[in-house]
Each structure stands twice: as structure tokens, then as C-alpha cells.
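These notes are about the structure you will find just below.
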Amino acid sequence: MMPPASIYLTETDEQKLHKIANELLLTERAYVNRLDLLDQVFYCKLLEEANRGSFPAEMVNKIFSNISSINAFHSKFLLPELEKRMQEWETTPRIGDILQKLAPFLKMYGEYVKGFDNAMELVKNMTERIPQFKSVVEEIQKQKICGNLTLQHHMLEPVQRIPRYEMLLKDYLRKLPPDSPDWNDAKKSLEIISTAASHSNSAIRKMENLKKLIEIYEMLGEEEDIVNPSNELIKEGQILKLAARNTSAQERYLFLFNNMLLYCVPRFSLVGSKFTVRTKVGIDGMKIVETHNEEYPHTFQVSGKERTLELQASSEQDKEEWIKALQETIDAFHQRYETFRNAIAKDNDIHSEVSTAELGKRAPRWIRDNEVTMCMKCKEPFNALTRRRHHCRACGHVVCWKCSDYKAQLEYDGGKLNKVCKDCYQIISGFTDSEEKKRKGILEIESAEVSGNSVVCSFLQYMEKSKPWQKAWCVIPKQDPLVLYMYGAPQDVRAQATIPLLGYVVDDMPRSADLPHSFKLTQSKSVHSFAADSEELKQKWLKIILLAVTGETPDGPNEHPATLDDHPDPKRKSEC
């Protein structure tokens, strides 16, 4: 007589439950081995090297966080408990009661996951910059125990472990009868572990994104700094670029990120795909326009601040996908920035932002570093290497180094020069010119243009630090009376250098008997020496410079500007 089918079903379910519990044990053993590798090998060896003075031990502790505590919990408690339970499975077929004891220890994982991004970036930076760190890591990675995997790959293991518990427990509960003595414990364990797993899954996604960024970084010849956790790849693919000067279409490749579009040219490579970045177009200010070209179908236009591109997709579907991806990225970027701006505005309401009239007169409340992910002026994302956080001492905003490359005298700090953002610099100094004119295009102004409308201009002998003396055509223009321009000759189309005079100290004592009409400008480590041909010319220059270094300008046009007549040049005649 055949036994009832239900007996086979019950036996099958019991076998499945045993199989899941056994898989938990086997994966726990492998996991403890991985933790031991991180804790007892990587961590200990790098700490030994740090104690020799090769690099700070604090950096090693930041990388490995609380890995020793995690290792101790699993190797001394959880694994032995599971080993014992599987030996007595026939009498005690349950794992929920053991896993429920995990709950108090999940906080350790929270700390590890929280510092995971910074730890990964620290490994990358130290590998690139410190040969001793790189040598120790590479030596360990060659060992059989590493299984041809990198330190970063092993560091991901604790982040992945919690979701693994969640997956096994879900499977276990599906096979477990609701009236089982283990049901309540298993269900409660799953609820606790699922909460922790959501944080781990977020870290895993970031890690996968980081791996992809590293791949693209290598494809771009390691020339474009894109490896940053705040960067996210949205879409990539081949595209054709319509040439403006002929009717040909050229093969190109696009990488679309959440904050920029990289427009690349393929280049020959024997190993994998390689590209050269031709243009980087920022998402901020970007517009997408669908175009119609009779000779070239499936075209659209990407217009950004940096460049406008007319592109041709491989099909109408490909075109629609690119337009959709680009437009959604633009919308998401502006939504993030609007939220960010509103949050700052709300925060400023609470903390009373310094008003324009009070800039430099009252100390601002500094926005905390962790409250922003991008520069509050240019909106470029921060990263640990090329775009660090700086604070404007006038308004308290967090800005990048490019947007904080200014100094102004602040009344609340006794008139001392302080680092400020470009907006505060213009308000405090009274300048209204664009940043491009002041910083980027300042050398492109023609000598004749500034000389013809100057406060003072003439030839002077010039020496920087201990370099040889050389003759320079020097000009302080009326439209920029706090900056001294230096040209090689009066008709040069480009200045060789400029000196923002604000904050410099003037020393009018002659340097030597050979140069009786000399004077010196100093600020911190910057030293500029000048010599005029006569005492009268020297005094004319000093009169203007002494005003400029304090931020003042001459009242009205200079009735007696210094000119070429004060220092005639036999080869050229020019008038100011």
C-alpha cells in the first residue's frame, strides 16, 4: 500500500528547510574566512606598515572601520551557534531563534556601511599616492587566499552579507509551516534584518556604480576625473555627429551622467574600447531640441553652455531614448538644485543669513559640510581630490576652490584679508565685472586698450623674487584700478601677468644704489620689485598703488598720468 502523498510533501519541505539552514552554515563559514582575511591579514599588515611611519595609522583605521568587532561576533558567536545547531538538527530543526540574536549586533553593520564610501575613496587615493600602501596591498592580493580579488572586492563582503541573510530567511519562511515553533522567531528575525538590508543594498548600488565609473575612467585614459560617488552613469552609447563644414557624419560616443555629458571620440586600442573626451557639457543650462534633416534622419540637438552638438541616432527609437534620457536628467538636475536651494533658503531663515549690507561686517554662520554635495556657486559636485569644500568667510556658503579663489578685507576680523567667494568679493570690493573678465580673460585685454584709458602707465624695471630684472610696460587701467597689468611692450595684445593690488604692503625704500628709484610690493610669499627711471615717475606710481592696496581708487580722472614721455623708448612711440 502506497503512503499518502502528503507524507512525501512534508518530507520534501523538511528537506528544503534543512538545505536552507545548511546553506546558511556553509556561507557563514566562507564569510568568516573573508572577515578573517580583512581583519587579520589586510588590516594587520597595513597597520604594521603604518607603525613604521609610512602613512598614518588613522587612515588604516578609517578604511577598515569596525571590521574587527564584526569578525569577532561572527567567528566567536554566530558561526559556533550555527555549527552546534546543525549537529542537533534532528531534535531542534530551527534557525530563527539564533538569527533573532543578530538584532543587537546589526548596529555594527550600520557603522561599517555608513563609512563604506569614504573607505573606498581612501583606498583609491592611498593606492595612487603612497607606494608603501600600494605595495602591501598588492603583495596580499597575490596570495592564494585572495582568490585573484582586490581589497575593494573583499571590503564589499560585509555590505553584501546582510542582504544574503534576508534572502535565505525569506526562502526559509516560505517553506516553514505557520504553526511551526520557529515561525515567530524567524518572522521577527526577517523584519529586523530587512531594515538593515535596505541600507546595505544602497551601498551595494553605490559600489556597482563606482565600479562602472572606474571602468569608464580607464576607457578615457585616466584623464577625466569622474570617479566620485556623487556621479551616476545614466546612459552610454554610440552616436553620429553631423559636421558643420561638410555633409559627413562622424562616429562619436556619449557618456551621460547625472551632472554632465561627455562627448567622446573613439581611438584605436588593442585592449578594449578607448575614447578621448572632446567636450564636457554640463547638465546645468542644457537644452534638447528635436531636429529634422531631410538627408539625415533621426537627428536631435544638444545645446549647452560649453557647446552645441547636432547628433544623429541609429534609429528613431534610439533617438527617442536619448532625448528621453537627456530630458529626464535635466529635469532631475534642476529639481535637485531647486530642492537644495530651497533647503538653503529655509536654513538661512532659521540661522539668519548675513545681509548684503552686512557682508564683511558681521561674522556669518557657516553652512556645514555635510549639508551640501555641490558648490553653492557653480553647482559642481565636491570630491576629495580635485574639488574640495571651502567656506566663504563673508557669507558662510560652502564653495569649491575655483569659486573661493578671492580675498577681501573683512571688518569683523579687524580688516584682515580673508578667503571669500566671487559674489562676496564683487560686493565688498565694489567690482561688477564678470568672473571671466576678472579671472580668465584678464590677460587677453590689449595693451593699447588699457593704456589709452589708464590711471597710470609707463615702462618700469620689474623683478619677481630673485629672478633677473626685466623691462615691462606697466598699466593700471581706469576700469580696473586695483589691478596692475604688465606687458612686454605698449602694443602687445596680451598681458604677461597681472597683480591684484588689494592687500599688498608697499615698501618704497630703494633696493640698491644702482636702483635709487625702486619700490617693493609684498603679500604673504609674493614679492614684486619695481624700479622707475626717475623719482618723479616713482612717486606717481606710488600715489596710485598706495590707494589700490587699501581698496581705494583715485577721485576722478588723473590729470597728470605717467606716460611714455616719462620713459621714452627710442624704438617706439606711443601715447596714453
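A Cβ is built for glycine as well, from the same backbone N, Cα and C atoms used for every other residue.
Residues or ranges marked as domain 'DH' in TrEMBL: 16-203. The domain 'PH' annotation in TrEMBL covers 232-331, 453-550. Marked as domain 'FYVE-type' by TrEMBL: 369-429. What TrEMBL records for 552-576 is region 'Disordered'. The compositional bias 'Basic and acidic residues' annotation in TrEMBL covers 562-576.
Summarising model confidence by region, the domain 'PH' (232-331) averages a pLDDT of 85. The residues of the domain 'PH' (232-331), classed with DSSP into helix (H, G, I), strand (E, B) and coil, number 16 helix, 50 strand, 34 coil.
Broken down by DSSP into helix, strand and coil, the domain 'PH' (453-550) contains 14 helix, 45 strand, 39 coil.
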